[in-house]
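*Asks:* Okay, handing you the structure first.
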Amino acid sequence: MASGADSKGDDLSTAILKQKNRPNRLIVDEAINEDNSVVSLSQPKMDELQLFRGDTVLLKGKKRREAVCIVLSDDTCSDEKIRMNRVVRNNLRVHLGDVISIQPCPDVKYGKRIHVLPIDDTVEGITGNLFEVYLKPYFLEAYRPIRKGDIFLVRGGMRAVEFKVVETDPSPYCIVAPDTVIHCEGEPIKREDEEESLNEVGYDDIGGCRKQLAQIKEMVELPLRHPALFKAIGVKPPRGILLYGPPGTGKTLIARAVANETGAFFFLINGPEIMSKLAGESESNLRKAFEEAEKNAPAIIFIDELDAIAPKREKTHGEVERRIVSQLLTLMDGLKQRAHVIVMAATNRPNSIDPALRRFGRFDREVDIGIPDATGRLEILQIHTKNMKLADDVDLEQVANETHGHVGADLAALCSEAALQAIRKKMDLIDLEDETIDAEVMNSLAVTMDDFRWALSQSNPSALRETVVEVPQVTWEDIGGLEDVKRELQELVQYPVEHPDKFLKFGMTPSKGVLFYGPPGCGKTLLAKAIANECQANFISIKGPELLTMWFGESEANVREIFDKARQAAPCVLFFDELDSIAKARGGNIGDGGGAADRVINQILTEMDGMSTKKNVFIIGATNRPDIIDPAILRPGRLDQLIYIPLPDEKSRVAILKANLRKSPVAKDVDLEFLAKMTNGFSGADLTEICQRACKLAIRESIESEIRRERERQTNPSAMEVEEDDPVPEIRRDHFEEAMRFARRSVSDNDIRKYEMFAQTLQQSRGFGSFRFPSGNQGGAGPSQGSGGGTGGNVYTEDNDDDLYG
């Protein structure tokens with residue numbers, strides 16, 4: 001099946017999911033013949049399967065549904081297809097294009113009696129005998145095979161009625177012959193109950209965790225269906241599976257699907273329900289559950305929220321919990337060989353479970369059901385939207401690419417939110433008081449891409465609910481100047497997210513950290529926001545001082561939590577503002593509570609280096625005191641790119657002014673270039689302040705003139721008819737001139753000198769401006785940051801004073 005070029009590891013891990021190609025596997029196609037008991041195949045296929053016209057066959061569909069039908073030949077049908085009508089498809093729970101298997105079923109007996117009941121909403125208002133009008137003509141002389149649980153549709157006397165086969169004798173299938181007794185007494189079956197069984201969860205309803213599903217299938221289905229396999233190879237089949245992962249990824253759903261698809265007896269234990277106030281009763285509840293499952297083997301016991309009943313024994317204070325853990329251990333590993341009982345458990349805190357439970361023989365397989373990637377999210381969206389009416393413009397792939405860090409539950413919420421938005425748009429046509437809603441309105445409802453966009457703006461991933469992560473609304477246009485810095489940043493964050501293949505090609509892991517330093521008010525924070533917005537990554541902003549708390553050890557725990565969250569919501573930009581407050585040089589902090597700041601730094605250092613390379617997590621630090629930051633954080637591999645953000649030069653100042661006044665009406669004669677020339681040494685924040693003040697003055701003038709006008713109107717009503725134009729249509733020169741009177745510089749020359757010096761020393765200790773390889777052709781080598789690695793002796797000759805041990 002798989003080509004030899006495939007890497008073998010991937011192949012085998014999901015081998016169980018592959019459909020085996022067998023001649024009796026056929027693709028479902030729409031029927032021409034509308035009969036409920038007939039399926040048609042092509043003649044060559046019938047010969048291959050050794051079937052004859054009129055044979056009874058057994059069809060197997062999804063979720064272990066079966067149906068018995070009569071097979072006919074149809075020359076228009078292609079070899080690999082099978083034609084069946086809607087009724088048979090519903091009984092098999094399949095759609096057009098799905099694959100079913102067919103096998104001959106020669107030993108179907110004639111039925112002695114069958115019991116059928118109508119479904120209530122199809123018989124409303126029908127008086128008279130159902131049997132005479134519907135059932136008798138349907139079964140007369142037809143010799144139809146039926147199976148218990150089937151639903152069939154009978155047309156007759158103006159309308160169609162659906163019946164369900166409740167009981168057959170002999171069970172489970174038989175042929176209705178002329179002497180079969182047909183009962184149809186009893187209450188009609190409610191449509192709701194029927195729908196519920198239709199909506200059982202199967203493997204198709206789970207998206208985004210193929211590998212995990214394969215693992216679970218081989219753990220559960222192989223021992224239950226073919227225990228001989230394990231006997232032949234001489235090992236005991238595995239007993240326990242522990243599913244863990246963040247909330248909302250579908251752990252309980254997988255267990256339900258496994259139960260429905262395998263047909264094993266399914267016993268659900270909710271963790272907290274076991275507990276009882278009487279001594280010894282909690283343990284006996286557990287024992288009962290296991291006994292019940294053993295009676296009904298093969299069985300699956302599913303323990304939801306395992307951490308509630310099996311916490312670590314040394315941590316718990318209650319005696320009951322300890323006894324329950326011990327009881328669970330002995331049950332899972334009892335002396336008597338447990339017959340075909342598989343225990344599955346789900347939790348989202350695998351590390352708070354008693355370690356004795358996690359050894360081989362108890363919960364020996366731990367399946368991590370993680371946050372899905374883009375293809376997984378697309379699968380999940382397709383599952384959730386398969387019953388939705390989507391407009392043509394909906395692009396689910398795009399939605400999947402934009403929902404970073406969302407789990408299945410978040411995507412389900414997203415779909416329902418989009419659907420609600422579609423309904424809200426039609427709200428003016430819907431009257432709540434009416435009994436029914438107009439059919440036209442119902443048919444015109446469809447979910448458009450705009451609804452999805454709106455829902456996207458509302459939803460954020462549940463893993464990040466408490467640290468509110470929002471993609472900021474700042475774009476590159478909002479930032480004037482700094483072109484080189486922008487390019488550098490794009491390379492840092494956007495390339496690894498958008499072109500990971502290039503990094504693979506050149507064999508490099510992308511760098512993960514940047515430190516902005518420079519005088520206050522030059523747009524360091526703004527840059528970090530813009531980069532998060534541009535590449536649609538999640539953005540967590542951490543204010544330095546918030547991490548420090550008064551409790552011993554809590555500050556470090558905060559750091560750990562933040563990094564964990566970022567990993568879950570990757571791609572993610574972690575932005576440490578005011579880095580100098582938490583990453584001061586270690587050792588000098590006298591009077592600091594028990595050295596908390598030092599421990600926080602150590603934690604940050606280990607987190608930055610222990611970042612798993614798979615995840616796209618970027619760290620951006622910003623500070624205006626680079627001289628007091630611990631040097632260990634500045635080494636390559638942590639914050640390896642140090643970017644100095646200087647005060648803007650004249651060109652940048654023009655750009656900043658333009659960016660600030662993008663949305664404001666400015667008079668034509670305001671000369672921004674001249675303004676930029678005059679404001680030498682001003683930071684970006686100072687320029688923004690000038691613009692704000694000019695706007696404020698214009699607003700003040702406009703409001704005052706309106707008040708004046710109002711007064712005039714009251715004194716002279718006849719002047720009202722004349723429409724006057726806006727008194728202050730734009731920001732004029734005099735507003736800027738007035739604003740310039742209050743303008744001030746926030747960064748003194750002295751400070752600037754300090755930053756320049758720091759940047760200078762960094763450049764010197766890091767780069768080799770004049771470095772060339774000793775060959776004939778002069779390779780292009782500019783001053784490269786942080787590339788002083790492979791140049792052995794040069795380090796000591798150029799700047800000896802910088803070396804500690806020189």
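Yeah, the Cβs are placed from backbone N, Cα and C, and that goes for glycine too.
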*Asks:* According to Swiss-Prot, Pro247, Gly248, Thr249, Gly250, Lys251, Thr252, Leu253, His384 bind ATP 1; identify which of Asn199, Asn296, Asn348 is listed for that same site.
*Replies:* Asn348
*Asks:* If Swiss-Prot is the reference, give me the range from 397-406, 457-466, 797-806 marked as region 'Interaction with UBXN6'.
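*Replies:* In Swiss-Prot, residues 797-806 carry the label region 'Interaction with UBXN6'.
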*Asks:* These are the binding-site residues: Pro247, Gly521, Gly523. Which one scores highest on other Cβ atoms within 10 Å?
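*Replies:* The largest 10 Å Cβ neighbour count belongs to Gly523.
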*Asks:* Going by C-alpha distance, which of the recorded positions Ser13, Thr436, Cys522, Gly523, Lys754 is nearest to Pro247 (ATP 1 binding site)?
*Replies:* Ser13
*Asks:* Count the other Cβ atoms sitting within 10 Å of the Cβ of Lys754 (N6-acetyllysine), across every protein chain shown.
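*Replies:* Total other Cβ atoms inside 10 Å, all chains included: 15.
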*Asks:* Tell me which of the recorded positions Gly521, Leu526, Lys754 ends up closest to Leu253 (ATP 1 binding site) in space, Cα to Cα.
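*Replies:* Spatially nearest to Leu253 (ATP 1 binding site) by Cα position is Leu526.
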*Asks:* If one measures from the C-alpha of Cys522 (ATP 2 binding site) to the C-alpha of Lys505 (N6-acetyllysine), what distance in angstrom results, rounded to a whole number?
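*Replies:* About 37 Å separates the two Cα atoms.
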*Asks:* Within 10 Å of the Cβ of Thr525 (ATP 2 binding site), how many other Cβ atoms are there?
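*Replies:* The answer is 17 other Cβ atoms.
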*Asks:* Taking only the recorded positions Lys505, Lys524, Leu526, which one has a CA atom nearest to the CA atom of Thr436 (phosphothreonine)?
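*Replies:* In terms of Cα distance, Thr436 (phosphothreonine) lies closest to Leu526.
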